[in-house]
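Student: According to TrEMBL, the domain 'Tetrahydrofolate dehydrogenase/cyclohydrolase catalytic' annotation covers B:1-116. Per TrEMBL, the feature domain 'Tetrahydrofolate dehydrogenase/cyclohydrolase NAD(P)-binding' maps to B:135-273. The annotation NADP(+) binding site is assigned in TrEMBL to B:Gly161, B:Arg162, B:Ser163.
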Number of protein chains: 2
Amino acid sequence: MDGTGLARRIVADAAAAAADLRERTSTSPCLATVLVGEDPASVTYVRMKQRRCAQAGITSRHVALPASIGTSELVDTVAGLSEDPSVHGILLQHPVGRHIDERAAFEAIAPHKDVDGVTMHSFAAMGFGEPGFVSCTPGGIMRLLDEYGVELAGRHAVVIGRSAILGKPAGMLLLARNATVTYCHSHTRDLSSMIRQADIVVAAVGRPRLIKGDDIKPGAVVIDAGYNAGNVGDVDFDSAAARASLITPVPGGVGPMTIATLLAQTVEAATRQLAGA
Amino acid sequence: MDGTGLARRIVADAAAAAADLRERTSTSPCLATVLVGEDPASVTYVRMKQRRCAQAGITSRHVALPASIGTSELVDTVAGLSEDPSVHGILLQHPVGRHIDERAAFEAIAPHKDVDGVTMHSFAAMGFGEPGFVSCTPGGIMRLLDEYGVELAGRHAVVIGRSAILGKPAGMLLLARNATVTYCHSHTRDLSSMIRQADIVVAAVGRPRLIKGDDIKPGAVVIDAGYNAGNVGDVDFDSAAARASLITPVPGGVGPMTIATLLAQTVEAATRQLAGA
């Protein structure tokens, strides 16, 4: 499954919508990126997101905070962005440091600016099928599945991983589309036999090549949302590809879809806010 | 599994805590019950909850609204109770009528008064392991499982049903305790073979005797959260009991635990609010 090509089209659509918005309102969509500390991977991620924003005609405003910042200062900073009418979307780069209450910081993002889909409100909205922004990676996965016409209703989706921004919301979105959903994780006994039942496998656990071809039911659809050191996914691509009907590569599968979803949701947020809706 | 006996002990504890609170603050915990229309089953449920409140020393304030009420009036009423310092918990009896946006009405309940665990905030709190109130039936199920020492970590729990106040949060609570969790529902293909894999079955679908003994893996724990006409659960008790290691009856299993959880959470809410916490 070609995430790169689909993401390019989504970003082009977002760019067109951003240009249209700029023409109508003289305002560009603005994404605030908040980075705590200088973790090299996080610095790289944020830069990449800013670059993609620029390419799509989205302004980004970067807020760099020292690693020593406390929870209350971070919460205040994020809350200030939530109230700032010139900011339409907020991305708080994870992780923020162990001494900080990350949940409190995420919750300072107003739901209508939560274009990264990390707040409790956004999670519940995904769970209940209410309006709201989706977590970007799960949202990107759903878009890929739809693009390739993968039938979801009544099919068994096995999600490996249960993080708040990836595994859990991915399961909720699949459940909302009437898949039978199983959540597996580090405590799951006989993981292979669980995965072997799956019509749709979503690997979201962050362990390089954990899932092998032998684990894949012939004809299954395999989504690799893992991203480990050395550009390696959670799935052993070659052996899995031999059995899967569709599979996402790493890189070039889920990764580009995550950023595309972020950009599309930022433009959507700006459009709504500038319409006063 | 004896829900009646365990519920009695929980209610006794709540009553003692309510008495203690009354002595310290001269205030009784107060649960506001909101009923829209006169659906006979809803009238009965609300009366039962009020009676149990009275037995536990919890004041209940009943708000009866005509079936013709609109969403905005209902939202205003609930929001008023959220702001009223003499009310500590709010129960909005489901269903509220098809012409009303039930989600909007639920969301008017302040999270710190959501003793029935129906708001999006409470759902996300269950999903993320954050502080908050649990949905009463799933919370009661977890308490029963703990009372009987049922090991959850690594075991496969199959939840049949995915409603916002029962199936979905039940799965989230089991996942938080490290069970492998599968959500089944009306679209699930070959439901019997899914259930047959379960170490723990949670039936929460509202279809009388849908699940038979043949569906139960020998030694499984069976929780019947169904409640259908004629006091019949979702599980065919006799055939399932012959194979299960533990099973809840209907009535006398999950039902009393739901109300006990409501009362316990009301006293807890009052305790926190009166401490100004």
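Including glycine, each Cβ sits where the backbone N, Cα and C put it.
Whatever TrEMBL says is automated annotation, not expert-curated.
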Student: Here the binding-site residues are B:Gly161, B:Arg162, B:Ser163; which one has the lowest number of other Cβ atoms no more than 10 Å from its Cβ?
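Tutor: Counting other Cβ atoms within 10 Å of each of the binding-site residues B:Gly161, B:Arg162, B:Ser163 gives the minimum at B:Ser163.
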Student: Looking at the domain 'Tetrahydrofolate dehydrogenase/cyclohydrolase NAD(P)-binding' (B:135-273) alone, can you tell me the average pLDDT?
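Tutor: A mean pLDDT of 97 is what the predicted model shows over the domain 'Tetrahydrofolate dehydrogenase/cyclohydrolase NAD(P)-binding' (B:135-273).
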Student: Do the binding-site residues B:Gly161, B:Arg162, B:Ser163 include any whose Cβ comes within less than 8 Å of a Cβ in chain A, and which?
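Tutor: Qualifying residues, whose Cβ lies under 8 Å from chain A: B:Arg162.
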Student: Please report the three-state DSSP label of B:Arg162 (NADP(+) binding site).
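Tutor: In the DSSP reduction, B:Arg162 (NADP(+) binding site) maps to coil.
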Student: Quick check: with B:Gly161, B:Arg162, B:Ser163 left out, which same-chain residues have Cβ atoms within 8 Å of the centroid of the NADP(+) site Cβ atoms?
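Tutor: These residues sit around the NADP(+) site: B:Val159, B:Ile160, B:Ala164, B:Leu166, B:Gly167, B:Lys168, B:Tyr183, B:His185, B:Ala204, B:Val205.
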Student: Of the residues in the domain 'Tetrahydrofolate dehydrogenase/cyclohydrolase catalytic' (B:1-116), how many are helix, strand and coil by DSSP?
Tutor: 61 helix, 18 strand, 37 coil
